[in-house]
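J.: Annotation comment: Swiss-Prot describes 1-78, 124-139, 196-216, 266-367 as topological domain 'Cytoplasmic'. For HIS51, HIS53, CYS359, CYS362, the entry in Swiss-Prot reads Zn(2+) 3 binding site. Taken from Swiss-Prot, the feature Zn(2+) 2 binding site applies to CYS52, HIS300, HIS317, GLU350, supported by similarity to another entry. Residues or ranges marked as transmembrane segment in Swiss-Prot: 79-99, 103-123, 140-160, 175-195, 217-237, 245-265. Residues or ranges marked as Zn(2+) 1 binding site in Swiss-Prot: HIS105, ASP109, HIS219, ASP223. What Swiss-Prot records for 161-174, 238-244 is topological domain 'Lumenal, vesicle'. Residues or ranges marked as Zn(2+) 4 binding site in Swiss-Prot (evidence: similarity to another entry): HIS343.
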Amino acid sequence: MEFLERTYLVNDQATKMYAFPLDRELRQKPVNKDQCPGDRPEHPEAGGIYHCHNSAKATGNRSSKQAHAKWRLCAASAICFIFMVAEVVGGHVAGSLAILTDAAHLLIDLTSFLLSLFSLWLSSRPPSKRLTFGWYRAEILGALLSVLCIWVVTGVLLYLACERLLYPDYQIQAGIMITVSGCAVAANIVLTMILHQRNFGYNHKDVQANASVRAAFVHALGDVFQSISVLISALIIYFKPDYKIADPVCTFIFSILVLASTVMILKDFSILLMEGVPKGLSYNSVKEIILAVDGVISVHSLHIWSLTVNQVILSVHVATAASQDSQSVRTGIAQALSSFDLHSLTIQIESAADQDPSCLLCEDPQD
């Protein structure tokens, strides 16, 4: 019969940390063979203990989301490559700068999709002694690089559009342009459908979108705008050949919309890199949940942040009465917070008699 060996940290009244193995408790209760290591027992006994890190449910959710993200990115890459080649050929034949620049946008998208796939693989690597949290943030860095690619290619489009406004000496085959741009719109709509994810946040008991797929979705959404601009300009030029200026004008307008679409994703990722509270979680609500646990007198040094989207970490200092069993309090807090599927939970138990009301580090953060 196999037994799990676990080690827990409990803070004594002098706030010194001691580590001790809980061999006695583990000998009393064998491990369920059908239960994943680190998962919480279905029916913990009174005073029972379960592992402090993420549950098997959270681990399974992470693996499932990674698999879905990889499938979506692979499918998007294949579609993107096919229609990129089609637009290069069609744009060259039609003599349309808008189609060629849209093909260039697809090339950047393809590069970003492959970069996102690489970052997903990198984020699945195990932690090292130097990178103790692992490579999860590689997913965010890859997504930010993807946004940077959007800015670069959109800047090029704006420059070329301005150049055509100043020097309108060019010819366009509007018929071919309509056919190619129409197919591009359809292809990009398919891309957005593949990459679209639901994003309700924790209050709706749903998960937030994968960072890499979310950035890829913004790319595809930008491609839809760009392709629509090409199609609109093609229709205008087809019916009114003298209005070929519509080609650079539409490119200019929808390039601005593409830039605007990246602002929100950049804001969310910046907050994540600044160790902000994850979107959908409320600091005050989490604190109230902890205070509601039997034996908890006060809560301070509560920190909530994310390694990456859906990888939430929480650490907290909890003051209890000297007569209170620290292990039962820790277990109660972990059970109360289990609905959040935390990646890692650290609880430091302290004596209420040792609290210092004048300590600035123990004060609640500002609103």
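Using the three backbone atoms N, Cα and C, a Cβ is placed for every residue, glycine included.
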J.: I need the nearest neighbour of HIS300 (Zn(2+) 2 binding site) among the binding-site residues ASP109, HIS219, CYS362, using C-alpha distances.
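T.: When the Cα distances are compared, CYS362 comes out closest.
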J.: Considering Cα atoms only, can you say which of ASP223, HIS343, CYS362 is the nearest neighbour of HIS317 (Zn(2+) 2 binding site) among these binding-site residues?
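T.: Nearest candidate: CYS362.
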J.: To the nearest Å, how far is the Cα of CYS359 (Zn(2+) 3 binding site) from the Cα of the residue listed as 'Zn(2+) 4 binding site'?
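T.: Spelling it out, the Cα of CYS359 (Zn(2+) 3 binding site) and the Cα of the residue listed as 'Zn(2+) 4 binding site' are 29 Å apart.
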J.: Judged by the number of other CB atoms within 10 angstroms, which among HIS105, HIS219 is the least packed of the binding-site residues?
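T.: Each of the binding-site residues HIS105, HIS219 was scored; lowest Cβ tally within 10 Å is HIS105.
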J.: For the topological domain 'Lumenal, vesicle' (161-174), could you work out the same-chain residues 6 or more beyond its ends whose Cβ comes under 8 Å from its Cβ atoms?
T.: 93-97, 234, 237-238, 241, 244-245, 247-249, 251-252, 255
J.: Per DSSP, ASP223 (Zn(2+) 1 binding site) is which: helix, strand or coil?
T.: helix
J.: Which residues, given as numbers and ranges, are at least 6 beyond the ends of the topological domain 'Lumenal, vesicle' (238-244) yet have a Cβ under 8 Å from it?
T.: 168, 170, 172, 174-175, 177-178
J.: So how many of the residues in the topological domain 'Lumenal, vesicle' (161-174) end up helix, strand or coil by DSSP?
T.: 7 helix, 0 strand, 7 coil
J.: Can you grab the distance from HIS219 (Zn(2+) 1 binding site) over to GLU350 (Zn(2+) 2 binding site)? Cα atoms, rounded to a whole Å.
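T.: So the alpha carbons of HIS219 (Zn(2+) 1 binding site) and GLU350 (Zn(2+) 2 binding site) sit roughly 49 Å from each other.
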J.: Would you mind reading off the Cα separation of ASP223 (Zn(2+) 1 binding site) from GLU350 (Zn(2+) 2 binding site), to the nearest angstrom?
T.: 55
J.: For ASP223 (Zn(2+) 1 binding site), list the number of other Cβ atoms lying within 10 Å of its Cβ atom.
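T.: Counting Cβ neighbours of ASP223 (Zn(2+) 1 binding site) within 10 Å gives 25.
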J.: CB neighbours of CYS362 (Zn(2+) 3 binding site) within 10 A?
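T.: Total other Cβ atoms inside 10 Å, all chains included: 15.
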